[in-house]
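The block underneath contains the structure these notes are about, expressed in structure tokens.
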Amino acid sequence: MSKKIAIIGSGRSACAVARYCVHHGIPHILSDTASVEVVRTRLTDAGIVECCTWEAGGHSAAVFTASQAVISPGIPVDAPICTQLQEAHIPLVGELEFGASRSTLPLIAITGSAGKSTVTSLLSKLLETIYPASPACGNIGYPLTDAVEESGQEGILVCEVSTFQMEWVAQFCPSMAMVLNIFPNHLDRHSSFEEYAQLKERVVTMTEKDGAVILSGRQERLVTLGNSLVNHRVYYFGDVPSEKSGMYVHKSRIYFLTSEGEKTFYASVEGAPLAGVHNEDNYCAAALAAYLHGVPGDIFESVVTNFHGLPHRMERVTAVRGVTYINDSKSTTFDSVCAALSGFPGQKIHLLAGGRFKGGDFKQVAKAIRGRSISLYLFGEAGRTMYTHWNNVAPTHLYSTMEEAFHAASNMADSGEVVLLSPGCSSFDLFPNYIARGNRFKQLVREGDNGTS
């Protein structure tokens, strides 16, 4: 068998692996079932269409002469090509492991059902104050393999990790791991919540011996996980269990607590741009990792003051005639909807929700909205099901499209109130992705601001 690498897929991760192979003279073939036009466009955008060996429209016999196959995260483990490669005794890895195996840099792996992109981005900015080459990479949109190629021999890789990426790892070994939370998600991909949760926890169990592990102290499952670890340094954030070490926030001040009960002030987040208890936890998690890497508290405060979060994650679009518009299109779970609602205590909220249902507990959202001044504007495939579950706990309206829901909410909202897009579902019924959904929401806001809606 040759030393050739088969790259399955042609998305961003696959192109990163192909680009690495081209630059290092590694024999390869990139293979996808997508059309020639689609694959050629992707490789052109990646700048490798002329130098990469590729095929489209299916997988030829050439794929099965490879010594290793790199599987794109969008390809399920039970896809026919994965089964065929395994039957041919070709080792399968993901782009995450491919990139990590080619780097000697420390790697911080950050996962969770919500908040991981925010924490990854913030921690990268914090570490860059001391270690200039500390890119935010991985699932955040900048493949780890590209980051490895471009970071040189110094710095720290701050890597967001998804369960899709963890399906194809065997030797992945981060120097530090963070699990922010585990809520039901991606149950349209994984067979059960337990499978999903175990993939999240695998980031921790694969961390190097004596490496630091940072876990949420708010979730019993993660505290239990931390108690089971004997070869790692374990820290908690949010709530710090008795006789454990970690960081917590009290009256907008972050403290480090030792296992002996001694506390030290680290930094203040008073007036920080990101609101809500969930963002206090995000600040706390990032602060803990930064603290363990020697970032002073005053530097933390300076960075946080100028960190306004990421697009489509509780993004304040603008205020129109006193109505504040919030784009939380990245919210694809009921947990993230509840977290978004917690960010506006005492305010009237006009919530836009709907899309393609991914699983979740309808009672959880009902509890979060009951007794509060919240009106619901539901749309998409899941709209009618949501209506059935929630119309008895809040004023609820049903629409076919997000645009219809938006216009209705905007017409009902008064000065001092909030129009919040936090769908709690994937976007694939009406949009290509959550980014397109969020951008469309922002376009509708701008049109309303200009008086064109």
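Including glycine, each Cβ sits where the backbone N, Cα and C put it.
Note that the coordinates shown come from a computational prediction; the quantities given were computed from them, not determined experimentally.
Taken verbatim from TrEMBL:
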type: BINDING; residues: GLY112, SER113, ALA114, GLY115, LYS116, SER117, THR118; note: ATP binding site
type: DOMAIN; residues: 110-290; note: domain 'Mur ligase central'
type: DOMAIN; residues: 312-423; note: domain 'Mur ligase C-terminal'
| request: Based on DSSP, name the secondary structure state of LYS116 (ATP binding site): helix, strand or coil. | output: helix
| task | Find the average pLDDT over the domain 'Mur ligase central' (110-290) in the predicted model and report it. | result | 95
| request: List the same-chain residues at least 6 positions away in sequence whose Cβ sits under 8 Å from the Cβ of LYS116 (ATP binding site), in sequence order, or say none. | output: ILE110, ASN139, GLU160, VAL161, LEU180
| If you count the C-beta atoms lying within 10 Å of each candidate's C-beta, which of the binding-site residues GLY112, GLY115 ends up with the smallest number? | GLY115
| task | Return the residues near THR118 (ATP binding site), defined as same-chain residues 6+ apart in sequence whose C-beta is under 8 angstroms from its C-beta, sorted by sequence, else 'none'. | result | LEU274, ASN279, ASN282, GLY309, LEU310, ARG313
| task | With an 8 Å cut-off on Cβ-Cβ distance and a minimum sequence separation of at least 6, pull the same-chain contacts of ALA114 (ATP binding site), or say none. | result | LEU180, ASN181, PHE183, HIS278, THR333, ASP335, SER336, ALA339
| note | All chains considered, the count of other Cβ atoms within 10 Å of the Cβ of SER117 (ATP binding site) is 23
| note | Not counting GLY112, SER113, ALA114, GLY115, LYS116, SER117, THR118, residues with a CB within 8 A of the CB centroid of the ATP site are VAL119, LEU180, ASN181, ASN282
